[in-house]
Amino acid sequence: MRCCTMYAKWFTLQCVRVTNAVQVRYQDTRENVPKYYPDLRIKERLRRLCWTSSSTMVKAKKFVIAARFDGLPKVSDFQLVEEDTPELKNGDLLCETLFISVDPYMRLFGRSLKEGDTMIGEVVSRVIESKSQKYPVGTTVLAGYGWRTHAVVHEDDKHPLPTAQLRAVPADFPKELSPGLLLGVTGMPGMTAYFGLIDVCQPKSGETVFVNAAAGAVGSLVGQIAKIKVGGDFSVSVLNNHMKDHGRVAVCGSISTYNNPEVKGHYFFETIITKRLKLQGFIGAEYQAEWPAATTQVAKWIVEGKVKHKEHVANGFDQTPQALIGVLTGKNTGKAIVKI
Ligand SMILES: NC(=O)C1=CN([C@@H]2O[C@H](COP(=O)(O)OP(=O)(O)OC[C@H]3O[C@@H](n4cnc5c(N)ncnc54)[C@H](OP(=O)(O)O)[C@@H]3O)[C@@H](O)[C@H]2O)C=CC1
Ligand SMILES: CCCCCC(=O)/C=C/[C@@H]1[C@@H](C/C=C\CCCC(=O)O)[C@@H](O)C[C@H]1O
């Protein structure tokens, strides 16, 4: 009896917590919540049990730019603000963020953000209320609505970045994998690694592959796909001293210069000429039409144990600015994400 009362109290408390955070209508979803995040499973079960009134308004948090970035971004460059989400119109869905991606490109794009703008970024979310047939309650989606705990988006919204379009988790994505991986090894950084190596470099048997920034989201997958040796400082050590004649270089980024635009990369023209090297810059998003098949392939490799992945997880929405600063100062090993 005592046990029952305690359970009832705990249960009521949890319900209050859940219904305070997100007000949802009861709906039975068969969504599989990943094993990796059991607390989400509990939250989801409680949500299914909580039949609350049909209000769509949620107190949402978001980070806006408080001051333009100057050098390495600072925590004080971001301001946490609260807002009420608007009521849903036809075709709208209310998303609750599960994971936020923090990526080096945000530093570059941050240059064009002004004070008051919501910080950009891709997220994995759960649909908690919906007036969209395409994305019913319980659907796990990827979206590009930035650093927000919740957002109302329209099913037909188009995002300026091709990689940040609203879409459901692919139907064939293994249920035992965390959907957070769609921000990492099976998502944009993983696709950059995959096509940078396979299409831009076109490695052949017997060749040696060097990877720069190999501890990160992109580099760590390149390394595994190619079974490579990790190089040192790329410009000086690898390009100048270690490239073989007719070597190919796929240039996807230049993270060491993002916080300091004054620093110019080193271009070793003599080496490029005498070794007849090919250097090709590329944007992973160019291969977007081929992403679904490559995502399926990488996910299969993970399930088969052929690819290992690491996530560098920051816990809690409030930690998002620190997580981005960590990425820009080399604090992460593997893909940096924030778990909300
Ligand atoms: N072209 C495209 O489409 C894409 C390009 N990119 C680019 O690829 C690169 C890697 O991205 P991603 O793997 O997602 O990033 P991560 O943050 O996951 O990894 C980057 C790695 O870079 C190193 N690093 C961080 N800061 C510095 C610094 N200031 N100077 C030197 N090294 C640093 C760190 O390694 P260490 O531990 O060795 O310090 C870190 O592990 C970035 O330049 C990014 O812009 C990424 C995605 C798409
Ligand atoms: C000097 C730029 C280096 C950027 C490297 C990087 O991290 C890229 C990430 C992309 C990002 C968009 C980046 C550039 C878009 C350029 C669009 C264009 O002009 O065509 C985002 O799409 C995810 C990554 O693919």
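Residue 1 is the first one shown; counting continues down the chain.
For all residues, glycine too, the Cβ spot is worked out from N, Cα and C.
A TrEMBL annotation is a machine prediction, not a hand-curated record.
Per TrEMBL, the features are as follows:
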| type | residues | note |
| --- | --- | --- |
| DOMAIN | 61-157 | domain 'Oxidoreductase N-terminal' |
(message) Averaging the per-residue pLDDT over the domain 'Oxidoreductase N-terminal' (61-157), what integer do you get?
(response) 96
(message) I'd like the per-state residue tally for the domain 'Oxidoreductase N-terminal' (61-157) from DSSP, helix first, then strand, then coil.
(response) 11 helix, 41 strand, 45 coil
